[in-house]
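These come from TrEMBL:
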DOMAIN    A:14-161  domain 'Aspartate/ornithine carbamoyltransferase carbamoyl-P binding'
BINDING   A:Arg65, A:Thr66, A:Arg115, A:His149, A:Gln152, A:Gly278, A:Pro279  carbamoyl phosphate binding site
BINDING   A:Lys93, A:Arg182, A:Arg237  L-aspartate binding site
DOMAIN    A:169-314  domain 'Aspartate/ornithine carbamoyltransferase Asp/Orn-binding'
Amino acid sequence: MHNPQLNANGELTHLLSIEGLPRELIHQILDTASSFIEVSDRDVKKVPLLRGKSVFNVFFENSTRTRTTFEIAAKRLSADVINLDVTRSSTAKGETLLDTVDNLIAMHADMFVVRHAASGAPHLITEHLRRLGRNDVHVVNAGDGRHAHPTQGLLDMYTIRHYKKDFSNLVVAVVGDILHSRVARSDINALTTLGAAEVRAVGPKTLLPAAIERMGVRVCHDLREGVRDCDVVIMLRLQNERMNGALLPSAREYFSCYGLTPAILALAKPDAIVMHPGPMNRGVEIDSDVADGPQAVILPQVTFGIAVRMAVLGILAGN
Amino acid sequence: MHNPQLNANGELTHLLSIEGLPRELIHQILDTASSFIEVSDRDVKKVPLLRGKSVFNVFFENSTRTRTTFEIAAKRLSADVINLDVTRSSTAKGETLLDTVDNLIAMHADMFVVRHAASGAPHLITEHLRRLGRNDVHVVNAGDGRHAHPTQGLLDMYTIRHYKKDFSNLVVAVVGDILHSRVARSDINALTTLGAAEVRAVGPKTLLPAAIERMGVRVCHDLREGVRDCDVVIMLRLQNERMNGALLPSAREYFSCYGLTPAILALAKPDAIVMHPGPMNRGVEIDSDVADGPQAVILPQVTFGIAVRMAVLGILAGN
Amino acid sequence: MHNPQLNANGELTHLLSIEGLPRELIHQILDTASSFIEVSDRDVKKVPLLRGKSVFNVFFENSTRTRTTFEIAAKRLSADVINLDVTRSSTAKGETLLDTVDNLIAMHADMFVVRHAASGAPHLITEHLRRLGRNDVHVVNAGDGRHAHPTQGLLDMYTIRHYKKDFSNLVVAVVGDILHSRVARSDINALTTLGAAEVRAVGPKTLLPAAIERMGVRVCHDLREGVRDCDVVIMLRLQNERMNGALLPSAREYFSCYGLTPAILALAKPDAIVMHPGPMNRGVEIDSDVADGPQAVILPQVTFGIAVRMAVLGILAGN
């Protein structure tokens with residue numbers, strides 16, 4: 001089957017999803033990110049790799065945090081960055097997604113960083129670019145619906161590789177609202193591809209997708225069982241809006257069943273690391289003592305995230 | 001009569017309206033734009049012409065698309081661009097337009113790109129600059145009320161010249177809601193100045209200004225008659241808000257009378273081009289088969305628009 | 001007592017408040033600002049002092065004007081500027097202020113320019129940085145609640161020093177809503193530190209803080225008495241929201257008692273200057289004849305404000 005993310009030489013031309021990326025390509029991205037880590041530590045945090053390139057942050061859904069990380073990554077590569085808050089623009093005037101994209105291509109966009117509430121929107125754009133024969137324009141999925149958030153998945157893999165070196169013996173627990181989480185999907189795909197020994201999907205029945213086992217994970221409805229002897233615990237953010245509905249009784253009750261406390265974390269391996277994509281709901285999915293504790297690598301995730309996004313933009317620009 | 005757009009040497013110091021611009025000056029802008037076309041095609045899309053200049057996008061009316069094209073143009077000229085969403089700022093706190101402008105001048109603004117719902121607002125600012133004796137600060141009208149949208153007019157002329165070379169034998173139809181359209185006004189003024197053989201204003205009586213003939217156009221209420229044997233068809237966007245009022249019965253009825261379909265377009269010359277300022281309402285003023293067809297030059301308009309805006313900013317900075 | 005703004009060598013590491021800044025340090029900032037004045041007059045308004053640095057404008061409260069001045073200052077120093085409209089972001093998703101800050105530090109922020117409705121928020125951030133041992137990250141208070149607006153205070157001092165040279169013989173009147181004004185607090189602290197002969201707090205009882213005398217000012221409830229023989233009159237902006245409450249009867253009545261008219265200004269010294277932090281309410285706290293008159297230095301304040309902000313950012317980056 002044709003992989004829309006790769007060109008004829010198997011090189012990355014778009015980043016839509018971790019699903020379908022070969023293991024070597026993932027490692028290549030992480031290796032490149034590694035070389036960018038020191039750029040952000042420099043006195044002059046800038047390399048001229050994308051000088052004169054136009055990177056468009058096209059956010060159909062508001063996300064200041066993700067937009068900011070891509071903006072920083074692109075600026076440190078010396079690109080010209082244009083932020084488009086599409087919630088306020090032409091789409092609101094009835095223009096179609098592809099008309100908006102065509103217009104930006106006509107302005108000589110080199111790269112689209114796309115966030116959309118609809119699963120598949122970035123894929124739709126790459127399909128359109130393919131039909132146009134424009135392999136000089138690249139798309140990065142910055143989160144589409146419940147589908148994927150591949151740069152988050154990659155930065156999570158970078159973090160795990162940084163602390164654990166090798167994936168082959170790792171037991172990783174992904175905990176929380178997996179049903180609505182594009183991060184969970186991207187992480188599970190990446191961990192499977194990279195050969196983690198065991199991936200656990202931990203959460204209440206109402207927040208796990210029906211056929212989650214098919215992704216190759218072990219399902220746990222009990223947090224203690226899910227965390228026991230883990231090397232890595234990835235906590236997911238619980239969206240506030242979930243708590244007003246039929247899915248969950250209350251934040252307090254959720255915390256008592258699925259909140260990560262020091263006592264629960266003690267069941268994991270002593271050198272287990274705790275990750276979270278942010279923003280955290282302290283006291284809902286994670287206890288402050290864990291969030292601020294020695295096993296948390298939540299802020300290093302953010303630092304690595306800049307390097308990973310620089311790597312993705314840099315690799316795409318080169319291919 | 002004094003022309004507020006030109007300095008004592010007849011050079012452009014502000015761009016407020018195409019009305020009053022000599023034919024040679026329009027051609028000079030289009031020639032300069034022509035030289036900028038290749039900049040956006042380069043690997044490094046940047047020239048240092050406006051390095052260290054401060055360009056303020058002062059938008060009293062939201063328009064992501066127009067703001068973005070000016071932002072790109074200015075950044076490709078290496079200017080520092082500051083976007084001011086004035087709908088959210090001091091004006092809301094009761095400050096007058098000219099106090100806002102005075103403040104930005106005091107911050108050493110070099111150029112104002114102004115969008116305002118009120119016709120004449122950019123003119124008011126240039127008048128103020130003249131009284132202050134500040135001929136080093138330049139104003140570009142990015143659309144004021146129903147009055148003018150000169151860079152759109154210029155990019156339309158660029159597009160026509162690109163495809164048709166010479167204006168003197170051209171028949172051009174401007175179709176749609178001319179009453180509320182600053183684009184129509186700018187286009188008609190430009191076409192007249194550049195010596196087009198015939199300009200037609202095509203639309204229902206309710207959407208044509210009362211004394212439109214005085215602009216030197218031929219009025220057609222019938223679309224077939226308006227399009228017949230044309231070289232250029234410029235379709236205007238139909239604002240959604242027009243359709244809820246007394247002016248128009250419905251979008252569907254509008255399309256059946258004034259929507260450009262392949263059948264209607266077949267009445268024009270075989271090599272006629274179709275233009276649209278965007279964003280398009282597919283199925284309202286234009287059929288998708290026309291919008292995506294071989295005669296449409298709607299996306300080239302966008303590309304030329306960047307070059308034209310670079311030309312205008314560059315010429316103003318030089319004068 | 002430890003001063004959180006200074007490092008062990010007594011150098012500025014954060015700018016939180018003018019209170020506690022030694023006189024020499026204030027003069028050092030003003031001297032540095034003086035050297036930046038000519039940068040904004042250059043053809044290429046840029047120096048590479050902050051090249052590759054990441055300056056985050058973190059505005060928890062909307063203020064287009066202040067944000068713009070810092071953005072211009074940072075860009076003229078060649079910094080990468082990232083604007084965060086935090087009213088729309090993660091904080092709204094329940095993240096704490098310090099979690100937001102931790103994330104930005106993890107992105108290798110060099111400088112935070114912070115605006116917050118709560119007094120003390122910037123101080124909270126510097127305290128947090130101190131605990132983290134991060135003396136390479138700097139905070140500039142761009143206005144916190146009713147507490148302080150130190151760069152406004154410094155630019156006011158720059159303005160006074162520019163026109164009056166020496167502070168020791170000056171009589172300065174601060175007029176208006178001192179109770180709610182962070183500008184007033186910053187100005188009074190600065191004037192006291194710089195040794196002004198007399199500082200007067202002029203306004204109705206309802207708009208003066210209870211123990212204002214303790215700041216070393218002379219209280220005047222009568223505008224004529226307050227302005228008489230002054231060298232400098234600093235008018236404060238009257239927030240519109242004050243006029244709907246119990247504090248003030250109406251804008252018209254306020255103007256009749258505390259509005260600065262030419263007749264009142266005539267009571268001051270003939271060479272007295274009139275200042276205002278903007279945006280002005282013409283006809284409320286200040287008459288247009290005064291605002292536009294020869295004694296007003298309100299627009300020079302804006303110009304000096306850019307230089308002062310460049311100086312503060314530049315000094316912080318160097319320490």
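From the backbone N, Cα and C atoms, a Cβ is placed for every residue, glycine too.
Structural mapping of features recorded in TrEMBL.
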residue	record	DSSP class
A:Arg65	carbamoyl phosphate binding site	helix
A:Arg115	carbamoyl phosphate binding site	strand
A:His149	carbamoyl phosphate binding site	coil
A:Arg182	L-aspartate binding site	helix
A:Arg237	L-aspartate binding site	coil
A:Gly278	carbamoyl phosphate binding site	coil
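In terms of local Cβ density within 10 Å, A:His149 ranks first among the binding-site residues A:Arg65, A:His149. Shown for the domain 'Aspartate/ornithine carbamoyltransferase Asp/Orn-binding' (A:169-314): DSSP residue counts in helix, strand and coil, namely 62 helix, 24 strand, 60 coil. For A:Gln152 (carbamoyl phosphate binding site), applying a Cβ distance below 8 Å and a minimum sequence separation of six or more within one chain yields A:Gly143, A:Arg182, A:Val183, A:Ser186, A:Asp187, A:Pro277, A:Gly305. With respect to their backbone Cα atoms, A:Arg115 (carbamoyl phosphate binding site) and A:Arg237 (L-aspartate binding site) stand 18 Å from each other. Helix, strand and coil residue tallies for the domain 'Aspartate/ornithine carbamoyltransferase carbamoyl-P binding' (A:14-161), in that order: 72 helix, 27 strand, 49 coil [DSSP].
Note: the carbamoyl phosphate site is recorded as A:Arg65, A:Thr66, A:Arg115, A:His149, A:Gln152, A:Gly278, A:Pro279; in the same chain, A:Ser63, A:Thr69, A:Ala142, A:Gly143, A:Val183, A:Pro277 also have Cβ atoms within 8 Å of that site's Cβ centroid. Proximity to chain C, defined as a CB-CB distance below 8 A, holds for A:Arg65, A:Gly278, A:Pro279 out of the binding-site residues A:Arg65, A:Arg115, A:Gly278, A:Pro279. If you take every residue in the domain 'Aspartate/ornithine carbamoyltransferase carbamoyl-P binding' (A:14-161) and average the pLDDT, you get 92. Residues within less than 8 Å, Cβ to Cβ, of A:Arg237 (L-aspartate binding site) and separated from it by at least 6 positions along the same chain comprise A:Gly176, A:Asp177, A:Ser181, A:His276, A:Pro277, A:Gly278, A:Pro279, A:Met280, A:Asn281, A:Glu285.
Long-range Cβ contacts of A:Thr66 (carbamoyl phosphate binding site) within its own chain (separation 6+, distance under 8 Å): A:Arg115, A:Ala142, A:Gly143.
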